[in-house]
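Lifted from Swiss-Prot, the feature list:
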BINDING   Gly16, Pro17, Thr18, Ala19, Ser20, Gly21, Lys22, Ser23  ATP binding site
BINDING   Thr18, Ala19, Ser20, Gly21, Lys22, Ser23  substrate binding site
REGION    41-44  region 'Interaction with substrate tRNA'
REGION    141-161  region 'Disordered'
REGION    165-169  region 'Interaction with substrate tRNA'
SITE      Thr107  site 'Interaction with substrate tRNA'
SITE      Arg129  site 'Interaction with substrate tRNA'
Amino acid sequence: MMQNLARDIDAILITGPTASGKSALAVKLAQRHGGVVINADSMQVYGTLKVLTARPDQSEMGGVEHFLYGHIPPGRAYSTGVWLREAEALVARLGKEGRLPVFVGGTGLYFKALTGGLSDMPEIPLETRKRLRTRLTEEGAEALHGELSARDPETAGRVRPSDGQRIVRALEIIEATGRPIGSYQQSRGPVIIDPARAQKIVVLPERPVLHGRIDRRFETMLARGAVEEVRALLALRLPPEMPVMKAIGVPQIAAMLKGEMSEKQVIEAGAAATRQYAKRQMTWFRNQLDETWQRIEDPDALG
């Protein structure tokens, strides 16, 4: 089946948790089918933190052209909508050139938008985001859920009182536009990749295997320059609510630079945070990706 892939489909989509080996698989399949690799990870778009976000280096690219990696300054806002517009332009260009796009990354929402369209959500002012996230920290999710119940009872009924992120998102929309989030979710943009015309792969390694990779990877990141990356990032004095400032490893290494943590503690804390993130990713993939996604434990099985 894999040998005839390029003639039968319009794209390859590969997702999976961090450290699952999906990037190497993407390169291998792109090499085999004369394709290119397109990033679908929300952290790997930033021009900083190449090591901490495990952005592929030249030797790992295997001579395959890579797109949407490291092209966004760390202080610039970036959203799923922006990524989707960039991906759409690339897909159109590659189609004219007769080259196969191989999307790879761990941001599940990117794949949902790519194959199912994206609701036309409005941009939220940074000040509104900051204020509501501060309130979430200070008041807690249940208090904000009570406010959402009064302002948008329909959405509040669908959101758990403990789900702070979704509650804040719904309140952001109301405050920015005066309209409930549901009014935007009802309309969706165009589908960029027809899911019936794509080979869809999700890499789900066994937990002990994945955890071993994560532990080794974080220690290697420190040895390869992650501390210097964070030092340079902190020198930019970006607002703490910027996504790049929340990347796994940044808070831990920043604490070490302040003398608040040892290197050993940073490695342990960073690996633990990565394992938690991988757990959330795997839960999302299992719940959100349907049976048309090919589930594999070992990327080498597709060799």
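From the backbone N, Cα and C atoms, a Cβ is placed for every residue, glycine too.
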Number of helical, extended and coil residues in the region 'Interaction with substrate tRNA' (165-169), per DSSP: 5 helix, 0 strand, 0 coil
Fewest Cβ neighbours within 10 Å, where candidates are the binding-site residues Gly16, Pro17, Gly21: Gly21
Cβ-Cβ under 8 Å with the region 'Disordered' (141-161): same-chain residues at least 6 beyond its ends: 132, 135, 167-168, 170-171, 174, 180-182
Rounded Cα-Cα span from Thr107 (site 'Interaction with substrate tRNA') to Lys22 (ATP binding site), Å: 12
Tertiary contacts of the region 'Interaction with substrate tRNA' (41-44), as residues 6+ beyond its ends and Cβ separation under 8 Å: 53-55, 69-70, 78, 80, 83, 104-107, 110, 243-244, 247
Long-range Cβ neighbours of the region 'Interaction with substrate tRNA' (165-169) (under 8 Å; 6 or more residues past either end): 132-133, 136, 141, 144-145, 148, 156, 159, 181
Arg129 (site 'Interaction with substrate tRNA'), number of other Cβ atoms within 10 Å: 18
Cβ packing number for Ser20 (ATP binding site), 10 Å threshold: 27
Chain-internal residues, separated by at least six, CB under 8 A from Ala19 (ATP binding site): Ala54, Leu210, Arg213, Ile214, Arg217, Thr274, Ala278
All-chain count of other Cβ atoms within 10 Å of Thr107 (site 'Interaction with substrate tRNA'): 20
Spatial neighbours of Thr18 (ATP binding site) that are distant in sequence (at least 6 apart) but have CB under 8 A: Ala54, Gly106, Ile214, Thr274, Tyr277, Ala278, Gln281
